[in-house]
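Peer 1: This is the structure, below, for whatever I ask next.
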Amino acid sequence: MERVEEDDPKQNNVKTRPKGGLVTMPFIFSNEICEKLAVVGFNTNMISYLTTQLHMPLTKAANTLTNFGGTASLTPLLGAFISDSYAGRFWTITVASIIYQIGMTCLTLSAILPQLRPPPCKGEQVCQQATAGQLAILYGSLLLGALGSGGIRPCVVAFGADQFDESNPKEATKTWKYFNWYYFVMGVSILVAVTVLVYIQDNIGWGWGLGVPTIAMFLSIITFIIGYPLYRHMDPSGSPFTRLVQVSVSAFKKRKLAMVSDPNLLYRNDELDASISVDGKLVHTPDMTFLDKAAILTEEDIVKPGQAPNLWRLNTIHRVEELKAVIRMGPIWAAGILLITAYAQQNTFSLQQAKSMNRHLTKSFEIPAGSMTVFTMVSMLSTIALYDRVLVRIARRYTGLERGISFLHRMGIGFMISVLATLVAGFVEVKRKEAALAHGLQDKAHSIIPISVFWLVPQYSLHGIAEAFMSIGHLEFFYDQAPESMRSTATALFWTAISVGNYMSTLLVSLVHKFSARADGSNWLPDNNLNEGKLEYFYWLITALQVVNLIYYICCAKLYTYKPIQIHGKDSGSEGDAGVELASKV
């Protein structure tokens, strides 16, 4: 990506402040905070809205939420493509935020206007479900929200990291801290959503519960735009997807050519790669040599001086290595899917568990079921702060790494804790059902079981600790290991893993619901009465899948090759190896 040149100082000798840096963080974080307030304030308690206001069956409501979460995490690929190829990160974030604002406004109106939802239930009568038109408004609002998220999520993270100049030693070490504090700020906004907003939704109404984040989103758009003169901007450098396809096509066309004996004979063109290698050039790696054929120069590829080659036949080694870097990230990306599948249950079945348990703190105050994720957020925020302020300093003494431990090790710790979280969840469900049976409430779906909701705290807290390790490590991994011209796209891969994890949850719930059904009407995941189900078996099934996934991840991490990059300005002893260092810096 090409950096925008700073304005020259005016003739009156007034110094121009360097753009970027910590001063831009409030403007960038405000956008992320309000986006998370809107998403989480909606998503955390929406299972209650869908089941009590729109009268959806439980499994349909759960799948609606995970499908929305999956779609909202898939659209970042589109947002990243537009950002990296055409619009740049600032304008992509701005337009996406406006689209999100429209979706949130429509959703708020659907909660305020009675004609946009079915009439409330009376007594024990069968509840009238939402009509096709009412559902269309709901789904349309969710789609606009998903499209808006698609532009915000991949760009805000990368745009914030862009504000620190990696070529400046004083700013380079701030980047990994930025990811910790980005996630911390995001966690605080989620904490507000699962406490204040959920309380408003349950006790004041959904109109205000959705209206507050809608107003906050509007204010964040204004704040973000005001910060425009302060930002360090990066010019879009063309479609990264096109470059990846060009390398693949040219390698296929030259598949029958013999490989050159010396990698230094492969095609290089510094002028052609200037806009996509600002921080340094990727150097040749010995794996996936079949792709190297895209950089073999033949007589047919020779062009006049100053003329660009046909990139559908010949590519530079830097562009070949871009594709290799993306391919290498694939297995690590896939490993994050199942953790999201496990995490997704907090907003579906774990919430239904909480609704059936005693949530009273005092005789007059009870915790809203949707606010139980506060324990996830508190444990996540505490872990991030402890990690940043204590654990990193301790680990640094033994590893010598600035980050304390590598992001691959950090992710592995998160995977192990997530296994423990779902294992514990299964045993807690057994305890909950035993209490229901002991008090004769097994067949009473809407009765409160006299067992404290705080039995759920361990599983919620373990999920928070797991996310503090795994998700931040995952995000760091994508930003660090991606080619510099694809960082929005790489950040989108982080959200795509979340998307696939949510879709995997939908698939898993549907399959378990279908194949666990018996002729007597019993089911692991019943639609109406969780007390008659086998939710613990479902949790333990996820635990077993996560154990397999952990073994898979360990193998992938051991085999992973960090991208080597030749930093501009390094002293060179020889052309091939000069100034080469691992881009991970860990």
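Along the chain as shown, residues are numbered 1 onward.
A Cβ is built for glycine as well, from the same backbone N, Cα and C atoms used for every other residue.
Curation does not apply to TrEMBL; its annotations are automatic.
What TrEMBL records for 90-116, 136-160, 181-200, 206-231, 325-345, 365-387, 407-428, 448-472, 493-517, 537-560 is transmembrane segment.
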Peer 1: With Cβ distances under 8 Å as the criterion, find the stretch in 136-160, 206-231, 407-428, 448-472, 537-560 that has the most pairs with the transmembrane segment (181-200).
Peer 2: 206-231
Peer 1: For the transmembrane segment (206-231), I need the partner stretch with the highest count of C-beta pairs below 8 angstroms, choosing only from 90-116, 136-160, 325-345, 365-387, 407-428.
Peer 2: 90-116
Peer 1: Which one, 90-116, 325-345, 365-387, 407-428, has the most C-beta pairs under 8 Å toward the transmembrane segment (493-517)?
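Peer 2: Comparing 90-116, 325-345, 365-387, 407-428: 325-345 has the most Cβ pairs near the transmembrane segment (493-517).
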Peer 1: Report, as numbers and ranges, which residues of the same chain sit near the transmembrane segment (448-472): CB under 8 Å and 6 or more residues beyond its ends.
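Peer 2: Here the qualifying positions are 179-180, 183, 336, 339, 342-343, 346, 350, 353-354, 356-359, 367, 369, 372-373, 375-381, 383-384, 387, 410-411, 413-415, 417-418, 420-422, 424-425, 428, 431-432, 435-436, 439, 441, 531.
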